[in-house]
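Annotated features, as they stand in TrEMBL:
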type	residues	note
ACT_SITE	His289	active site, proton acceptor
BINDING	Tyr52, Arg193, His289, Arg292	glyoxylate binding site
BINDING	105-107, Ser134, Gln156, Tyr158, Thr184, Lys265, Ser287, 320-324, 343-344	FMN binding site
DOMAIN	26-393	domain 'FMN hydroxy acid dehydrogenase'
Amino acid sequence: MDITTEQLSAGMQYQLQIYFAGTQNVKPQLPVSFEELEQKASEVMKPEAFAYIAGSAGSEITTYNNKEAFNHWQIIPRMMGDVSQRSIVIELFGMQLPTPVLLAPVGVLSIAHPEAEVAVARAAKNLRVPQIVSTVSSKTIEEIGSVHGDHPHWFQLYWGRNNDFTRSIINRAEKAGYTAIVVTLDTRLFAWRERDIKNAYLPFLYNEGLANYFTDPVFLAEVGDPARNKMETMMHFANCFSNPSSTWNDLAVIRECTKLPVIVKGIQHANDAKKSIDHGADGIIVSNHGGRQLDGAIGAIDTLAGICDEVSDKTTILFDSGIRRGADVFKAMALGAKAVLVGRPYAYGLALAGEQGVKEVIANLLADVDLTMGLAGCNSWKDVTRDKLHHRN
């Protein structure tokens, strides 16, 4: 029987398009591997900008641990099942999504490309992948939201001391059509990042990533003209950005000012997962901020199984930190995640080729996810279970 391209999975169709283009001497615009992608981005970005995105906390061992932890989980493929009708569709907070991949909240993307998060939004909408927009985006949440329209997009909140600002920006996100609020918990302090310290570089001091603050009525009412009162503005920004004195009880402030799903990001222990549920969170993201916050921390994927064992029947669990390839997505889903976030790879794609770069990086990942699922002997995510993995000590 002849097989038409319509009978091939999306991943196989995408793969064949690349090979057929090669017969016309057309090759992918961007490096395919993450390692080469990162290297190429380092060649085109300003050194301090690349260091800010690529760098991690302290010795950067946490980022290394993220990668190594993935390597210790190994896929056990099953043979001779019919995997011709594969689907990587998921359901998340009542929405059906075509893939389990979301774009993680990466801030200050103007240091990578002048179109910043707007270019990312166009790519995300084109690929039907939700974008999580950072509080410290270089474009306003309204401008980014207008690109998405009805396409799902979430807002990530850096939760500081100023509750009036918190209420204001959540209200703005709701009006701009955002469909969930992601509250980052692991940025209660600025991390010690050796690359940034060496460069004496913090992008916020150059007005990068402050679009949402400089357009917020509460923020402006309290600081006046940011251009005239630079030091006061930066101190006020720090006050709005983080709060080392916050406790679980304070989550009520956020819970009370929105009816959108509230998802907490930065969970790495089952007890914290339980507390987040007890205090009103609708979901959690298991994450160590890609290694950017705490030096010497456990690889995030090694915390996922234990957390899922404790609370997967009570909440929705997503995973972030170290997703680079289709096998990584498969492993996270097998351990119990319902979806995953990817960050640095698309930021490098943005730096290299703007919107098209983001599309190419994410399309590559999605094709890899589809093919990995099939090669492992699975048809859908319900087949991707923990018994498909072996943990090598």
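Glycine residues also receive a Cβ, built from the backbone N, Cα and C atoms like all the rest.
Any TrEMBL annotation is an automated prediction that lacks curation.
Annotated features taken from TrEMBL, shown on the structure.
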residue : record                       : Cβ neighbours (10 Å)
Tyr52   : glyoxylate binding site      : 23
Pro105  : FMN binding site             : 24
Gly107  : FMN binding site             : 25
Gln156  : FMN binding site             : 26
Arg193  : glyoxylate binding site      : 21
His289  : active site, proton acceptor : 24
Arg292  : glyoxylate binding site      : 23
Ser321  : FMN binding site             : 33
Ile323  : FMN binding site             : 28
Gly343  : FMN binding site             : 22
Rounded to a whole number, how many Å is the Cα of Ile323 (FMN binding site) away from the Cα of His289 (active site, proton acceptor)?
12
Which three-state DSSP class does Tyr52 (glyoxylate binding site) fall into?
helix
Binding residues Tyr52, Arg193, His289, Arg292 (glyoxylate) - maximum C-alpha distance in whole Å:
13
Express the distance between the Cα positions of Arg292 (glyoxylate binding site) and Gln156 (FMN binding site) as a whole number of Å.
16
Tyr52, Arg193, His289 screened against Thr184 (FMN binding site), Cα within 10 Å - retained recorded positions:
His289
Pick from Thr184, Ser287: which of these binding-site residues has the biggest number of other Cβ atoms within 10 Å of its Cβ?
Ser287
Going by Cα-Cα distance, pick out whichever of the recorded positions Tyr52, Arg193, His289 is nearest to Gln156 (FMN binding site).
His289
Given the recorded positions Pro105, Gly107, Ser287, His289, find the one whose Cα is closest in space to the Cα of Arg193 (glyoxylate binding site).
His289
What subset of the binding-site residues Tyr52, Gly107, Ser321 lies within 10 angstroms of the residue listed as 'active site, proton acceptor', using C-alpha positions?
Ser321
Assigned element (helix, strand, coil) containing the residue listed as 'active site, proton acceptor', judged by DSSP:
helix
Excluding Tyr52, Arg193, His289, Arg292, please set out which residues of the same chain place their CB within 8 Å of the center of the CB atoms of the glyoxylate site, keeping sequence order.
Gly55, Ser56, Ala57, Ala191, Asp196, Gly290, Gly291, Gln293
Integer Å distance between the CA atoms belonging to Tyr52 (glyoxylate binding site) and Pro105 (FMN binding site):
15
Name the one residue among Gly107, Ser287, Ser321, Gly343 whose Cα is closest in three-dimensional space to that of Tyr52 (glyoxylate binding site); these are the binding-site residues.
Gly107
